[in-house]
Amino acid sequence: MIGMGIETSCDETSIGIIRDGKELLSLGIFSQIDLHKPYGGIVPEIASRAHLEKINLLLEETMEEAKIRFEDLSYVAVTSSPGLTGSLMVGAQMARCINMVYETPILPVCHLQSHFAVLHLEGVPTEFPVLGLLLSGGNSAVYILQEFGRMELVGDTMDDALGEAFDKVAGLLDLPYPGGPHIEAKANEYIPTPDEKPILPLLLRNLPQGEVSFSFSGLKTAVMVLLEKQKEVSKEQICWNFQNSAFDLVERNLKRAVAKTGIRKVFAAGGVLANTTLQKRLEVWAGKNSVELFTPKKKIYCTDNGAMVASLGYHLFRKGYKKGVDFTVNPSRQEIFS
């Protein structure tokens, strides 16, 4: 069974083609980082226009690389929520066109759920239920994954997502956009002394027992105040402390989620998982707490991509899920498609 996945929810235009849910035949990604860099963040109008300009060429390239015809496709999965409305509409229209010409079944899928499906592409055992940790530019949450395409929220962010916090703090430090790689690089240059005290606060220290919640806006404010009061603090020290404080909250929330649900298997996904320091910390944490942890081995799978959309589509298609061309896109989060 050959399937296509179309991803245009935010600032990556991507099309992936896979066989039987996990064999990658081709994957094309156009990143818009350079387009948004001058603005220090994503501009929705620029994003949707770039998708429109690139998607046809990307389709041709991925089809040619996969060496298939449109008639070979069993389904076309497309991200329909959540995301930027204009961007989502570009991918949706491409899926509709393929359906109208070749009668290929359409599967609108949830972007959040597809991030976890990428682990199936890497051969991760998929025995459910498992905990899903999603850390990206727009999401910081923990879920119970009942199966591919069905999940329950355990804990969410109360304000900024972790990826967003990286970008905002990078802006305060005059580091390039996107902030994640540059903050990690600066942090790696700093070596704290054994008795050194943190210069940034412990996040959500008074969170009620058993509650799983993220909050990163206060960390950005703390960095701003620190820069105003202590000019002599280096960027490297701030970046190291920023990561240390943020990742500490991630670990504490995972520990709470495991205790709350009794589930000791964790799938971690999303763009922030490209951070090597975070991956290593989570691996150490999992080992100490007897938790099975799985993260994407390829950094390209941490970012938004069409392969993960196609993989989720495979599982949903086998269950008989599909929609007509009149499906709608939704910028808000939809956890379950029925």
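In case you wondered, yes, glycine gets a Cβ from its N, Cα and C as well.
The substrate site recorded in Swiss-Prot comprises Leu134, Leu135, Ser136, Gly137, Gly138, Gly180, Asn275 together with one of Asp167, Asp195, namely Asp167. What Swiss-Prot records for the Fe cation site is His111, His115, and among Asp248, Asp304 the residue it adds there is Asp304. Asp304 (Fe cation binding site) carries neither a helix nor a strand DSSP state and counts as coil.
Cβ neighbours of Asn275 (substrate binding site) (same chain, under 8 Å, six or more residues apart in sequence): Gly180, Glu184, Gln243. Gly137 (substrate binding site) falls within neither a helix nor a strand when secondary structure is assigned with DSSP, and so counts as coil.
Residues Glu7, Ser9, Thr79, Leu112, Ser114, Ser136, Gly270, Asn305, Met308, Val309 surround the recorded Fe cation site, their Cβ atoms falling within 8 Å of the Cβ centroid of His111, His115, Asp304, which are themselves excluded.
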